[in-house]
Amino acid sequence: MEKEINESIQGQSLILDERQGNTKKMFIESYGCQMNFSDSEIVASILANEGYNTTQNLEEADLVLVNTCSIRDKAEQTVRKRLEQYNAVKKINPTMKVGVLGCMAERLKEKFLDEEKIVDMVVGPDAYKDIPNLLKEVEDGRDAINVILSKEETYGDIAPVRLNSNGVNAFVSITRGCDNMCTFCVVPFTRGRERSREPQSILSEIQDLWDKGYKEVTLLGQNVDSYLWYGGGLKKDFVKATEMQKATAVDFAQLLDMCATQFPKMRFRFSTSNPQDMHIEVIETMAKHHNICKYIHLPVQSGSTRILEAMNRQHTREEYMALVDKIYEIIPEISLSQDMIAGFPTETEEDHQDTLSLMEHAKYDFGFMFAYSERPGTLAARKMEDDVPEEVKKRRLNEIIALQQKLGWERTRRFLGQEVEVLIEKESKRSDAHWSGRNSQNTVVVFPKENYKPGDFVMVKVTDCTSATLIGEAVGYAERMQS
Ligand code: SAH
Ligand code: F3S
């Protein structure tokens, strides 16, 4: 299942087809959210034009790049450990250069070059097009850094190379940055102001994916519902747009409608939705199109209005619950998932109980749950004491996880006896005689292979399930395969 932090792919290194004539080798590794993995595909595309092929063998690399995550302290520690390992390799291969990309590069800036002696290059998320210049400086023996955040950069003009792809699912980024300023979150500082990518460049990337045989696209952004194209520029400057720009602007519901209409046989997902920006039009657009998956990742972080306010989430517990009710009313078969933070500063037992009761109300299919980690520079770090003891955070987190497991189990069981449409993605991890894919609601489905193949849409009769996986048998191709 896809989620913003997919533990099974953390640190995965990327390979792409060798380009003839390229003589240098780069090793590129990514941590954190899907956006980082997507950005690494852009970086690989830029470097392919600079003479680099990818390698999975660290020892033979001329250039090692690590695309980093700052969201929690643990994410940064993982990268620091990895840098120590690169250091050991650098002793065997002293000409190897090391570059740090992504959110940690942006957060730590020059400090990286001072603290981590092995780092030669530091590049923030909006400066990847400058990598060829930075590499020249590195080759001349100087440390190189570019952490300038941009108001325009969307990399809309760069065709990302698809790395380690199954040829079925792809991610297409539609916005960069975030303007929401949740008080716990480092993203607005590391990824800058929010800007949207031109609809035409999104549609042509999807066309290209369709031509290459891809069957499912996930539209990516820190906050997709806030997507707004009015000819370029920052979301926050929309108030200054001309009447003409305002009249021809494209919002997320319209973009989704354009995608679903133009590519009726492609399946669409999107991530992430911020409840404060999720509008009824988006839900109605989802209901209208069979090819928009019936799944919304709708992070809430806490079920207590007081904590939500301290987090600057811009909605109350009641408003969130009303939104959830509305979604279930318009799309009864929808599945929802959450992100939750346990132990935000000042959180009491009562606040925690509010979180648990909100979860019962929302009946989430899935959840991604974390203990609060104070991030330097955020408003919470500056203004609030991290006062919930570690063991209390852990206990609350465990209670949240246990409840989510129970809810997830109940939700998975609802498909028993039903026929569900599955897009086959790959072989099941547990058995080479079974395919694995997902239904519209994002639940993993496994079934015997027969003569089907990855990329096929198949109707599967569900006969059994575990807590998060449906087990069944194919009963034929789905309707969309037939016309
Ligand atoms: N809008 C983004 C959210 C990015 S952060 C998206 O596309 O998913 C992903 C999740 O990490 C957040 O929803 C939150 O639950 C968690 N998170 C962010 N900052 C955190 C912190 N300081 N401590 C613990 N968890 C955090
Ligand atoms: Fe972070 Fe809140 Fe934006 S969680 S990414 S500041 S929506």
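The backbone N, Cα and C atoms fix where each Cβ goes, glycine too.
Broken down by DSSP into helix, strand and coil, the domain 'MTTase N-terminal' (24-140) contains 62 helix, 25 strand, 30 coil. Residues annotated as domain 'MTTase N-terminal' in TrEMBL: 24-140.
Per TrEMBL, [4Fe-4S] cluster 1 binding site is recorded for CYS33, CYS69, CYS103.
The annotation domain 'Radical SAM core' is assigned in TrEMBL to 164-411.
For CYS178, CYS182, CYS185, the entry in TrEMBL reads [4Fe-4S] cluster 2 binding site. In the three-state DSSP scheme, CYS182 ([4Fe-4S] cluster 2 binding site) falls into the coil class.
What TrEMBL records for 413-476 is domain 'TRAM'.
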Among CYS33, CYS69, CYS103, CYS178, CYS185, the most crowded of the binding-site residues [Cβ within 10 Å]: CYS103
Contacting binding-site residues for ligand 2, chosen from CYS33, CYS69, CYS103 when the Cβ sits under 6 angstroms of any of its atoms: none
Long-range Cβ environment of CYS182 ([4Fe-4S] cluster 2 binding site), under 8 Å and at least 6 residues apart: GLN301, MET311, ASN312, ARG313
Separation of alpha carbons, CYS178 ([4Fe-4S] cluster 2 binding site) and CYS103 ([4Fe-4S] cluster 1 binding site) (Å): 13
Candidates near ligand 1 among the binding-site residues CYS69, CYS103, CYS182, judged by a Cβ under 6 angstroms: none
Segment-level pLDDT (mean, integer) for the domain 'Radical SAM core' (164-411): 96
Secondary structure content of the domain 'TRAM' (413-476), with strand meaning DSSP E or B: 1 helix, 36 strand, 27 coil
